[in-house]
Amino acid sequence: MASWGLLVAGASFTAFRGLHWGLQLLPTPKSVRDRWMWRNIFVSLIHSLLSGVGALVGLWQFPQMVTDPINDHPPWARVLVAVSVGYFAADGVDMLWNQTLAQAWDLLCHHLAVVSCLSTAVVSGHYVGFSMVSLLLELNSICLHLRKLLLLSHKAPSLAFRVSSWASLATLVLFRLLPLGWMSLWLSRQHYQLSLALVLLCVAGLVTVGSISISTGIRILTKDILQSQPYPFILMHKETKTREPVARNTSTLSLKGSRYLYSTAAAALGGHLMVLASPKRCMTPSVLGLQERRLEPGKVAHADNASTWE
């Protein structure tokens, strides 16, 4: 049975890695800039739908997996846990292949803890019910992944994004914090039925997943709910494609002496160039015209505005 469970996990790993590769051949939304991240989150959404809904239906139909999370479970529940092991391993490889360790260390720690705990149930055939309860967390991940896809598609200031943010917070409490609390309570009461190594492994997994879950909830609450304008768009410069502020050409010409006349320029333009002279500053009509074109209706130009976002 152990080899059979590992075979299912290996097949799941291959399938999800193939899905990562296959999505590269399909187009992504035009508004998405980080295409790899969008594909990665999309694959994660597929797994969350499969495992989260499967765990909810399984626990609803077989509540004995909650009353006896060590031994009592239907055979297909072990298959679902093995599929999740393959997914988390495939997702970890995908992150290592496309990101640096500094960028993905937190999720890699999460995946390592989850794979270690779930693979114990797959290999031993025990604690499958406990693992099924942990897969309820994927119901919250569905909302988190949808929110992330909207964010990557630059749909943050929208009704759909705000609904996904509220849904993420609600499901985080219902399907993430409550299951984690139940698992912690069960482990504290039934730890004598487990070996010391397994207890330490479960504690490490609960602490890792719990801390990441709490930090995620705080981040969504502060950025999406409490802020009036979450994730404002920063339009990029059309040519440089960077997020650096583009300086406006509002500089003036300082005159140190008395009045200066641009006789040479006036003669070249046939005497049609109006010269603005000042003891301190002088600005040509072309610069003034550039300012007027960039100003929005109803706003007043200030000479002190040196830069803006374009």
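Every residue gets a Cβ built from N, Cα and C, even glycine.
Away from its own ends, the transmembrane segment (6-26) comes close to residues 39-40, 42-43, 46-47, 79, 82-87, 89-91, 93-94, 119, 122-123 of its chain (Cβ-Cβ under 8 Å, at least six residues beyond either end). Annotation comment: Swiss-Prot describes 6-26 (among others) as transmembrane segment, evidence class sequence analysis.
Mean pLDDT for the domain 'TLC' (33-227) in this predicted model: 94. Annotation comment: Swiss-Prot describes 33-227 as domain 'TLC'.
Annotated transmembrane segment per Swiss-Prot: 40-60 (among others), in sequence order.
Under the heading transmembrane segment, Swiss-Prot lists 79-99 (among others), citing sequence analysis as support. For the transmembrane segment (79-99), the residues of the chain that approach it from at least six positions outside its boundaries are 5-6, 8-17, 20, 36, 40, 43-44, 47, 50-51, 54-55, 58, 107-108, 111-112, 114-115, 118-119, 121-122, 128, 131-132, 135, 138, judged by C-beta separation under 8 angstroms.
What Swiss-Prot records for 117-137 (among others) is transmembrane segment, and it gives sequence analysis as the kind of evidence.
Marked as transmembrane segment by Swiss-Prot: 167-187 (among others).
Long-range contacts of the transmembrane segment (194-214) within its own chain (CB-CB distance under 8 A, at least 6 residues past either end) are made by residues 106, 109-110, 113-114, 116-117, 120, 137, 140, 172, 176-177, 180, 183-184, 187. Annotation source Swiss-Prot lists transmembrane segment at 194-214 (among others), citing sequence analysis.
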For the transmembrane segment (40-60), the distant same-chain contacts (Cβ-Cβ under 8 Å, at least six residues beyond its ends) come to 16, 19-20, 23, 66, 74, 76-77, 80, 83-84, 87, 91, 94-95, 98, 132-133, 135-142, 145-146, 148-149, 152, 175
